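Now, the feature entries from Swiss-Prot:
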- His107, His111, Asp117: Zn(2+) binding site (BINDING)
Amino acid sequence: MAITYQTEGIKMPDIKKRETTEWIKAVAATYEKRIGEIAYIFCSDEKILEVNRQYLQHDYYTDIITFDYCEGNRLSGDLFISLETVKTNSEQFNTPYEEELHRTIIHGILHLCGINDKGPGEREIMEAAENKALAMRKQ
């Protein structure tokens, strides 16, 4: 089982793949989950808009789209991340780009672990889970 990192039409972000993979596995383990096949696809705003329209019938830009292929406690999915939106968000929230990128990377994993962020009170739960995961990365 593996975590892969790919790009579509853009330069690969400067992330430490081995460390990031180990961090993702550690976060998943806190939810009693194992990694199956996870593919991160880093892309542009235009690509994520295309994916959003084609597969979700949403006509807007977003930072991440997670396609869930999980089976039991094994996490599998395709996670599209717009690096342009991540950069915009880091500026808007006045956070370092690297931190915002890792927040987005783990956000998709947390969705695969069953954490939602659309209903009442769910955004706060997701944000707390993201902060806990980011703290694990810094240790």
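Each Cβ is built from the backbone N, Cα and C atoms, and glycine gets one as well.
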His111 (Zn(2+) binding site) CB neighbourhood, other CB atoms within 10 A: 20
Remaining residues near the recorded Zn(2+) site, that is with C-beta within 8 Å of the centroid of the site residues His107, His111, Asp117: Ile64, Thr66, Gly108, Leu110, Ile115, Asn116, Met126, Glu130
